[in-house]
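To start, the structure itself, in structure tokens.
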């Protein structure tokens, strides 16, 4: 059965299987050596050559993903490639459940923060936003995060090889930051009526895995090789940066100002490098799509979150916060004027991750409106909040339709089923 390749096995069983494979290869070679007397010497020479078997459990090189896959999210198999799993069959559910599913928790969690601000910030009282919306969205986000986290945990238990391949995927690797960012959204979006005071240990528990991931991924950017930033940079890489600013915001919220500044500085340094790398569109960068795609909205995530984090650190929406907000506003405007170019793309769960940047800039506009309260800033905050909420509502409806009506929400995940080596084309 092909699915055995992705099932989790203990190291002891793996060693036994490896030894059995070696014995099988040796037996095959011995059988090839035992030729009939009438065999030609050339056949004997060919039969003496060792038989090579591809080890599908070996790490897939970063360049292999670019060679075998296409699309802005590197999720479509090229026609010239073969898959390890049958394409004409429906794979087990856990193999079809991608790490990008955490985008749903990102979208709902950020919306709960938005409606919390709409109902509590004095400058937005004219909207009379009910607090119950914040509460409902918070519970939906909590249920989504718990369900997705549990499901993906089962995937890691039963199909560890599939999880490992997603971790080495140039785009999917960034979504491993998503569950911890979504959990921080829940901490920041707790309804005021709950009367909960956040303890610093919550911040420590959520930032520890983010720091561990950053030490690994940022180290690969710095050391070069196949996973250097100029080669693997794509808009989804912003997910690995925005966690620093969300963590800085949560750190300042729980009272750890220095911890917030620490991660804010890390986020700023790597955001500038990433921003320049993506803007240059280097010839070595193979992951950046040539056409516009909803993934480009991730460009506005980091500056929007940075403006909110710096406001929380300093206590006011000052110069630094305004600069970051204006950068995000300009990038958002440059995407909106090209909205027609975003048509014709196939829906995927990853789109949820592209909604929270719109929500982040909406929240930043609310805080800017609180600092500079004019009809123009109020209108800006209202428009951005409306667009953000409407987008999430449409995505929610589309997700329910694909899941419950059309049954197409979780197609076969071809991104994890590529071979380790390029297939030789027949002449």
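Backbone N, Cα and C define each Cβ position, glycine as well.
TrEMBL entries are annotated by machine, without manual review.
Looking at 155-174, 175-194, the stretch flagged in TrEMBL as transmembrane segment turns out to be 175-194. Cross-referencing 55-74, 135-154 with TrEMBL places the feature transmembrane segment at 135-154.
It is 17-56, from the ranges 17-56, 217-256, that TrEMBL records as region 'Disordered'.
Contact between the transmembrane segment (239-257) and the transmembrane segment (93-115) is absent: fewer than three CB pairs lie under 8 Å, with pairs separated by 6 or more positions in sequence.
Of the Cβ pairs linking the transmembrane segment (349-368) with the transmembrane segment (93-115) and spaced 6 or more residues apart, 3 or more are under 8 Å, so the two regions touch. Among residues of the same chain six or more beyond the transmembrane segment (93-115), those with a C-beta under 8 A of the stretch's C-beta atoms are 3, 6, 73, 85, 129, 133-134, 137-138, 140-141, 144-145, 148-149, 151-152, 154-155, 158-159, 162-163, 166, 172, 175-176, 178-179, 181-182, 185-186, 188-189, 348-356, 359-360, 362-363, 366, 385, 388-389, 392, 395, 399, 410-413, 415-416.
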